[in-house]
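The structure under discussion appears below in the form of structure tokens.
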Amino acid sequence: MAINAQEISALIKKQIENFQPNFDVTETGVVTYIGDGIARARGLDNAMSGELLEFSNGTFGMAQNLESNDVGIIILGDFSTIREGDEVKRTGKIMEVPVGEALIGRVVNPLGQPVDGLGDIETTGFRPVETPAPGVMQRKSVFEPLQTGLKAIDALVPIGRGQRELIIGDRQTGKTSVAIDAILNQKGQDMICIYVAIGQKESTVRTQVETLRRYGALDYTIVVTASASQPSPLLFIAPYAGVAMAEEFMYNGKHVLIVYDDLSKQAVAYRELSLLLRRPPGREAYPGDVFYLHSRLLERSAKVSDDLGGGSITALPFIETQAGDISAYIATNVISITDGQIFLQEDLFNSGIRPAIDAGSSVSRVGGSAQIKAMKRVAGTLRLDLASYRELEAFTQFGSDLDAATQAKLNRGRRTVEILKQPLHKPLPVEKQVVILYALTHGFLDDVPVDDILAFEEALYDYFDAHYDHLFETIRTTKDLPQEAELDAAIQAFKAQSNFK
């Protein structure tokens, strides 16, 4: 058989033309320093800020400081096996977390990996942890109420869907209990809840998860935990991971409640990282961009326009104060970013007023427009009445003689304080809150002994459930009060057959 040189030449040329080089080109560097969750590496000249980098042991890090001769990296995981001289390579991606329905009911770390021992999470969706907040024209005004189930909040400092409401107070004043009760009250409200535990003890997180499970709230809740024993980078990244998971639902037209427990610990973790990365310290040794740390997180909570699905993220960030000082650096930063604050006071907590909400220092800047009409009508003057009672109470400690009008105000004030108390993990539907506050503001409790107020309240609910359920139904469906004459008659009928005189 004759060999045709031209044919062979043409064949070789064709092969060369069709050749696709299959090189895997990655930029690699060398670790020059490692310790305390921080690494420095040389040779990553083209690394991007926030880019995910992979170490030779499979651990990932995030590029933070891009300097002329090296890159400062925060390590997102175990750094005990990383050594100086180890290889680190660029991935070309920024950090993402898994998102979607599969995460609901699970406990995950800030990387989206399950830590509850219930197996892998099957999801294909991912979102970057750092994304721009919705712009002005992409937002809508807050107008839908978010009922927490706590009378003191829903009446005095109402929260709307899409709002950021700070919960601030000393340690052990019931901040977490307020948020957990708010989550429990979202059952059947078509809300997804995300609880982000930052720097908490693992035993504490376990207790909260068990509480959510016991009351059936884990069916619509994701728990993101970065416990106190984990490296600072994970504490720093946890809130951003939580809000990335929330954004997936918001941009699909759903409503989300996200709790950050607490942002003081995130600020401390960020200060630690910044000092280790040798960034210049500012006030209280926090870096200059600590305001931006929290503003870029909380601005991602919003009520978005109908064009984007009309979903919302409502944020309840926590700040822990020292000796009730709400004028501290981080506290004032977050107060200025949020749409209001609920201030929990240690003195009130210790005197048995729980939730220990200080009505004078607490405010909701946008929630009033989201409050239902019935609640507006019964709770309109409640805040002023309470403030006036506190003032009179302080004055009467001097033992002055009181006229009848002042005595009546004091009596009403004592009953108001009693009515606003609420047992732990027993959130109330809004229609029950409206009825008891109506009874209070219309003088039906003025002749009930203060010690019997809570028993009166329970008995009133039971009586209405049995005989006047249609009044509850009216408030539920119309969001307004039923006929006042009918409501008055129902409460009078209850008082006539009860032992509360």
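Cβ atoms here come from the backbone N, Cα and C positions, even for glycine.
Residues or ranges marked as ATP binding site by Swiss-Prot on the basis of sequence analysis: Gly169, Asp170, Arg171, Gln172, Thr173, Gly174, Lys175, Thr176. Non-local contacts of Thr173 (ATP binding site) by the CB criterion (under 8 A, 6+ apart in sequence, same chain) comprise Leu344, Gln345, Glu346, Phe349, Ala356.
The site 'Required for activity' annotation in Swiss-Prot covers Ser362. In the three-state DSSP reading, Ser362 (site 'Required for activity') counts as coil.
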Once DSSP output is merged into helix, strand and coil, Thr176 (ATP binding site) belongs to helix
Between the C-alpha atoms of Thr176 (ATP binding site) and Ser362 (site 'Required for activity'), the distance in angstrom, to the nearest integer, is 17
Counting every protein chain shown, other Cβ atoms within 10 Å of the Cβ of Gln172 (ATP binding site) number 12
In three-state DSSP terms, Gly169 (ATP binding site) is classed as strand
Using a 10 Å radius on the Cβ of Lys175 (ATP binding site), the other Cβ atoms enclosed count 24
For Ser362 (site 'Required for activity'), the number of neighbouring Cβ atoms whose distance to its own Cβ is within 10 Å equals 22
Note on ATP: the CB centroid of Gly169, Asp170, Arg171, Gln172, Thr173, Gly174, Lys175, Thr176 has further same-chain residues inside 8 Å, namely Glu320, Leu344, Glu346, Phe349, Ala356
